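The structure appears right after this line, and notes come after that.
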Amino acid sequence: MNFGRGPSVVLNVGGTRYSFSREVLKDFPLRRVSRLHGCLSEQDVLEVCDDYDRERNEYFFDRHSEAFGFIMLYVRHGHLRFVPHMCELSFYNEMIYWGLEGSHLDYCCQRRLDDRMSETCTYYAAEEPNGGPEGKGRRPAGAEGKKWLERMRRTFEEPTSSVAAQVLATVSILFVIVSMVVLCASTLPEWRAPENRSVEEQSRYTAESVREPSGIIEAICIGWFTAECIVRFIVSKNKCEFVRRPLNIIDLLAITPYYISVLMTVFTGENSQLQRAGVTLRVLRMMRIFWVIKLARHFIGLQTLGLTLKRCYREMVMLLVFICVAMAIFSALSQLLENGLDLGTKNKDYASIPAACWWVIISMTTVGYGDMCPITVPGRILGGICVVSGIVLLALPITFIYHSFVQCYHELKFRSARYSRSLSAEFLN
């Protein structure tokens, strides 16, 4: 700690005093408390707490003392639960003030918070790192440049953060829709007619396709997506984290095939090379379907799906393990009963265990295409058991995934509400 004297500091939260050593504050789990360690002046201290006593080295916070006591239990023991007889939203507001999130709550309390949020329209916005109004008067050197970069970043990353962000998101959505329409139209027989030409004509057609209307539209869309991706990379805070984000990886997968196909078109002038490149070009062009996933940047529903899959990967792995174990058991038994006993009623559809796995998976998921089915009595009994067990096994992890989906939806919805509120203020001003 760079401000104050004495080997220890005292936190006074709503009349309850807590004493800590200076070294403990450096890596304190509560973000607001740990910020005290880097304060250089009394002005910096007052941006974090409500008052400060220099003589006793005591910091005052005008917050709910009982709620902070439960938060301290989380600091000591790692379990965070609601205060009895206290509003869940009020306690959640205290959590946000001290730097915690809803994910820090125990699972039972997370469900209570989800239910309460779904019943109300109250929104508690996280406090900005600069503190309250006291921190707005004094700005360090270079703050204007950082503010401009932050505004640019929010414009490209948060579609509801400002009017410019909404306009930019609308234009991006229009480009995605246009590119998808062109992709779908390119598979029509009238558009695919040039593919039936000879090799020489196909070579000439490939070279001229970029100059056709569809090629021009595709080039314009790719140019927009490329420029958008480059600008977002430039204004990002952490370049390494930017590259690792799933949506940015999808953007790269959607843009790169176009440039690869153009390069292959330029460098494959020989007929033999063109024959090998033809299939590759079609595969690369079809990878433009990844542009649809770009809509996840602008729609909460797709973001919720991605965040749920990210948080529920353990449940998803458990579901896959259940299915794989059941497939191994039922495919082996069905192959034995239908083909392996050799009782004069061999079923050729079950000639091997891998072939029987296809029947098991469509039976457990209750799809039942009917392309293969058991013909023996023991095989049909096994098929019934397979269908029932599939329903049970698939239903077991669904409850966990559902509650995680609800929580993710509320988190993204309230974050969108925060930016919508700032957008309304921008209109009023």
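For all residues, glycine too, the Cβ spot is worked out from N, Cα and C.
Quick look at what TrEMBL annotates:
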type	residues	note
DOMAIN	7-116	domain 'BTB'
TRANSMEM	163-188	transmembrane segment
TRANSMEM	215-235	transmembrane segment
TRANSMEM	247-269	transmembrane segment
TRANSMEM	289-309	transmembrane segment
TRANSMEM	316-337	transmembrane segment
TRANSMEM	349-369	transmembrane segment
TRANSMEM	381-405	transmembrane segment
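The DSSP breakdown of the domain 'BTB' (7-116) into helical (H, G, I), extended (E, B) and coil residues amounts to 57 helix, 19 strand, 34 coil. Per-residue pLDDT, averaged along the domain 'BTB' (7-116), amounts to 84 for this model. With a cut-off of 8 Å between Cβ atoms, the residues of this chain six or more beyond the transmembrane segment (316-337) that come close are 309, 350-357, 359-361, 363-364, 374, 376, 378-379, 382-383, 385-386, 389-390, 393-394, 396-397, 401. Below 8 angstroms of C-beta separation, residues 323, 326-327, 330-332, 334-335, 338-339, 379, 383, 386-387, 389-391, 393-394 of the same chain, each at least six residues beyond the ends of the transmembrane segment (349-369), sit close to that stretch.
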